[in-house]
Ligand code: ASP
């Protein structure tokens, strides 16, 4: 999603929290190609034997297989070494148990492996090569996550001196050169230090599917799947597999899914915050806005989007830095609907002008 799209959002009217369309209910980050995931998850719940966890897995794995907009699953968001690694988590709103994988290599089915972590271990998060080993030992096939298109993109990026990238305070100058890089000396007592460690605003393309499901019985689950940030430093893990950041659900209250600059967002646990806001009595829309505003106070320049739903299916969203959209389908709806959320930061600028 682009900042140009964010300008278009200026013209949109602020939408109130939307009433529930009934149960079962599916809601997730982004419209467009992500609505195939909404539909798949919603349709899976037409069979009452399908659980809310199953529906979240069906929805997120739909994006992992068809790649949605390239930001989920294989073949997207290569790191500096041109490797795609996957982050995913899935959470049970009844037990509050979550399972997740971070920096998963050479395995396509990230959300399914996260489900294995949830169901076949007492852990919450497995990472890197050993998460791959866990997946293989449970029967998941190894595959190459790099596509020919991605390899060509990497060649072009290197020819362009590795621009953009996520390095700061290193030599050679990361704004004009590829690595290898070495850190420069920093003085943490100098006034310039805070500026030195503040990353540039979102530089590269990224998105994520985060989904919440409410079964006809009212039982809730949530999950996230992403290939992270394009040109990330190898080893980088985003907010996606972090419980309370990528997504969060408490079946007594509601759930939340997030997308955006994960390196910043995970410092604020926005989905945990939003569900706690619901618990304090806020509407889904206000709960989402408050969680995003907490990030904006410290990092006004980033791109953020969260969608929040209460246990009855009333929903709302908030975003900043882009026009965030979310998709939902519930009750007897014949098709998924997409809600466009005007960016909070742009709205604020207009109101101040
Ligand atoms: N949150 C994801 C990450 O930082 C990317 C995104 O949703 O845009 O890994």
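Using the three backbone atoms N, Cα and C, a Cβ is placed for every residue, glycine included.
In three-state terms derived from DSSP, residue 208 (active site, nucleophile) belongs to neither a helical nor a strand segment and is classed as coil. Annotation source TrEMBL lists active site, nucleophile at 208.
Annotated substrate binding site per TrEMBL: 236, 237, 238, 239, 259, 260, 261, 262, in sequence order. All chains included, 18 other C-beta atoms sit within 10 angstroms of the C-beta of residue 236 (substrate binding site).
According to TrEMBL, the feature signal peptide maps to 1-22.
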Residue pair residue 261 (substrate binding site), residue 208 (active site, nucleophile) - Cα distance, angstrom, rounded: 10
In three-state DSSP terms, the structure that residue 262 (substrate binding site) belongs to: helix
In sequence order, those recorded positions of 208, 237, 239 whose CB lies under 6 Å from ligand 1: 208, 239
